[in-house]
């Protein structure tokens, strides 16, 4: 027994060392690329920077504010006034007319590293809840699989070493900060840190609006836990045992269910109420700070119009990796409002059905919501994809049998190379047209749809497998 414990301790130590080695290597790799960031010119790429996440636009907004002009004057800046107050001083021009990008880039590197650490901690909480669920169902055989790294470590390293994450960090985009607060809300919910979860959700929603839909999985995580088997599995397991032993009475099922005290069958309304109260408190505090920041430039009404209104009305049709810019450039103005409603409500239509079907896996539900919003949002970037691809690593066990994995991998790699080529042929060389670049955007959207559909299908198949193993005779 002592030898086994020593072996287990040694293996755990090696895993930790392996993770931290690769994590620090990713930080060093980012710092090297930052040194050559001006030569790479990633900040001008439409796949990396959008009208909402561009640091150049933020610098322009800060210059307007320093000149006693509204930062939302014109059509340059459409972000948060709080982010403008924090990052604005770091974009002041120095020397040769170039802003001091080094400090901003270091801040984005720190944000990426903290996001990875929070993903790892979230994965640990999710793994503990998953193991508890398997033990409660009597499926111990799935726990005996040896692993090089845990799912949390894999997810964190996938996020850190994802090329999409790296180019977003080096390309002077504020997406790493938005991703940090999204993951912070999930981490706080999994660890039952209600004020932290509410703070992360409020700031993420304030920065990008779309994380507002994450309130559904956050409430489910606080109510049921990060991962819990469906109550139906215990009922089927109890009924199968009753069938095997006819002498038992009908109360056997109730005793079988009562013998599982560790599982949060009852919804924890207390934590949910605390979350709503803290979210309201943080929202009021953020609005107060925003009101103070923009009190001389039109107040909160002007801020909402230039930020959330800009997201919902899609006035800027500059090319990006989404599909809305091309569609609204071609559609007649008479139908514009109708299709705006269709595209935005399409996200809301998916919330309830997915929440009903995946209510026992709220963390996976959050991943699906993030992937769908990244697909249908007004101004997407590769930073959005980097977030949900990192969270996908949290479910490496459940999605081990997912179909078309290699096809999706090749598709993402192909689009990553083709998109800059098509943009160059259209904008700079003049040998192509908008259809060239839009074709890559359409292909990118199709690959994201396939990823969401196949991942949900694989998760449901995994649940069916657990159901069969739970009622199988030992």
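Every residue gets a Cβ built from N, Cα and C, even glycine.
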Legend entry - transmembrane segment per TrEMBL - which of 167-195, 196-224: 196-224
Legend entry - Given ranges 237-259, 306-328, the stretch to which TrEMBL attaches the annotation transmembrane segment: 306-328
Legend entry - Stretch among 19-37, 306-328, 334-356, 434-460 sharing the most Cβ pairs under 8 Å with the transmembrane segment (196-224): 334-356
Legend entry - Distant-in-sequence neighbours of the transmembrane segment (19-37), which means Cβ under 8 A and at least six residues beyond its ends: 43, 101-102, 105-106, 109, 112-113, 116, 120, 149, 153, 156-157, 160-161, 166, 169-172
Inset, instruction - For the transmembrane segment (402-422), find every same-chain residue at least 6 residues outside the stretch whose CB is under 8 Å from a CB in it, and list them. - result: 45, 47, 163-164, 321, 382, 385, 432, 436-437, 439-441, 443-444, 447, 450-451, 454-455, 457-458
